[in-house]
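Per TrEMBL, these features apply:
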{"type": "DOMAIN", "residues": "B:17-268", "note": "domain 'GCVT N-terminal'"}
{"type": "BINDING", "residues": "B:E207", "note": "substrate binding site"}
{"type": "DOMAIN", "residues": "B:299-377", "note": "domain 'Aminomethyltransferase C-terminal'"}
Amino acid sequence: MLKFTKDHEWLEIDGDVATVGITAYAAEQLGDLVFVQLPEIGTTLDKGQEVAVVESVKTASDVYAPLAGEVVEINEAVVNDPSIVNSDPEKTGWFFKLKLADLGSLDGLMDEAAYKELIG
Amino acid sequence: MSVEAKTSPNSLRQTPLHALHLDLGARMAPFAGYDMPLNYPAGVLAEHRHTRTAAGLFDISHMGQILLRPKDGVLTDAARALERLVPADILGLAQGRQRYTFFTNDTGGILDDLMVANCGAYYLLVVNAACKENDESLLRDSFSQNFDVEPCDRALIALQGPKAESALAHLAPDCAGMRFMDVRELSIMGKLCVVTRSGYTGEDGFEISIPSDVAREIAEGLLENPDVAPVGLAARDTLRLEAGLCLYGADIDAGTTPVTAGLTWAIQPIRRHGGERVGEFPGAPIILDELERGPAIHRVGLAPEGRMPVRAGTPLFVEEANEAPVGHVTSGGFGPSLGRPIAMGYVPTALSAPGTKLFAEVRGKRLPATVTPLPFVQHHYKR
C-alpha cells in the first residue's frame, strides 16, 4: 500500500513496516542532492520528528517522521551516493524502514491521487 | 520536508535572455530583483562539470554595466576621479586592459567589488546587481559635471571553460589573441560587442557585453556549438567558490576590509605607503595601516571532514566542546569538481595558517574542518 504525506514523503506499507523516502516531486524541486543523513537503526521516532537531512547543492532540508515507530533498516546506498535519490527517488532511493507503533495512524496519510492533486 | 514553490513573483525584472531561459527549460528563481535561471534541465552538477571540461554560457545581464565618460575626452581626468573611490591604480591601467577593484567606505569596508575596463574613450565598470543603484549614485555624487555616468542596458553573458576560446573564435576569431584581463571591441555575428577575457569561475573565458536586442541571437549562436551548454546561477556559485573568489554580500561587505579579505593584491604599490599616489580613497588610513600591521582576522579556505556541507553562517571553534566561536563561515557548500564539501570564512590570523584544525558546528555537532589554501581548484587563466 502506497501512501504520501503533505511533506512530500512516500511510504510503502507492508504489514507493520513502512519503507519511507522522498517523492519524485520533492527530489526534482531540491535538485542535485549531495548529502543524505539517515537515523541510526533502533531510533524511536514520534510523528513529525526530524529524522533525516537531505542537502542539495543550494540548501539543507529536514525530513520528518511521517508516523511514529522504530527505525529497523536504513539505506546506506543513498548515503554513499545521494544521486540515487534524484535518479530513482521512489524505488532504490528509499531512506529507511519504520516499524509502525500504531497501524490506525495510517488514516491521516494521502493516497497517490490526493498527493498528485496537492502538487498540481 | 518543505519545498519551495517554483513560481516567481511578477514584480521581478527580466534580462534580455529571459525568454531563452524559459525555452531552454530553466528553473527560475529571484536573484537581486531579477527572475534568473538557477539551473537548466542538465542540473547544477552537470553544468558545473561542463564548465570545467568544455564551455558554459551564463546570463549575467543582471549585473550593472556603467559607462564613465569624460565630456572633454581626456580619460586621465576620469582615472584620477575614480582613484578617489577605489584603491586600484586606474591611471596606470592601459587602454585595452581591465582590472579588479572595490569601492571602499570611510571605515575601510567594501561597498561593492567591480571590474574597471579602459575602453579608450571611456571606462566600463561592471558592478554587482544588488549594488548597482548605489554605485551609480556614488559615482554621480562624487563626479563633477565633467563626466557622464551612463548606466547601460546591454546584455552581459559569460562564456567560461577550456573550450570557451575555440567556441567564441568560431564567431569572432580575434578573441584568440586576447589574454587574461584584456578588453576589445569585437564584431560577433555582425554586431559590435565589448569582450573581456575574464570571468568568475576560475576558468579561462570571456564576458561579452551585447546590445540587448541581439543578445538572444548571439547566445543561440554560441549554443549551437556542441561544446557550449547553458549554465545557471547555482553552478556559477559552486564554480566561484571552488576558485576561492569572493561573493559580495557573503564573503565581503561594508564591514570587511580588503586586507582581512585577502584582496591586497588588488591594491597596487603606487596607492600604498611609499607610492606616488598613496591613499586618497575612502578608508585609506585604516586600510593602509592594516596592510602594514597585518589584519587581526583573515579570510581562509576550509575543508570540512566527511561529506556534510558546511554553509554560510556556521560558527567555527578551536575545541570540540564548550568555548566561544572564533570565527564563522561566509560561503560554503559542495565542491562538484572535488566531490567533497568546501567553505570559506573568517578566523583570527593566529588560526589562519593552512593545516590549522578547527571545528564547524552544524546542527549542534562539531565537525573537524582544516584550514586550506585558496583556491580549492587551480585557476586556468590565459596570461
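Just so you know, the numbers here start at 1 and follow the chain as drawn.
Quick reminder: no glycine exception, Cβ is built from N, Cα and C everywhere.
Because TrEMBL annotations are produced automatically, they should be read as predictions rather than curated entries.
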Applying a 10 Å Cβ distance cut-off over all chains shown, what neighbour count does the residue listed as 'substrate binding site' have?
25
Quick one: mean pLDDT on the domain 'GCVT N-terminal' (B:17-268)?
97
Return one of helix, strand or coil for B:E207 (substrate binding site), based on DSSP.
strand
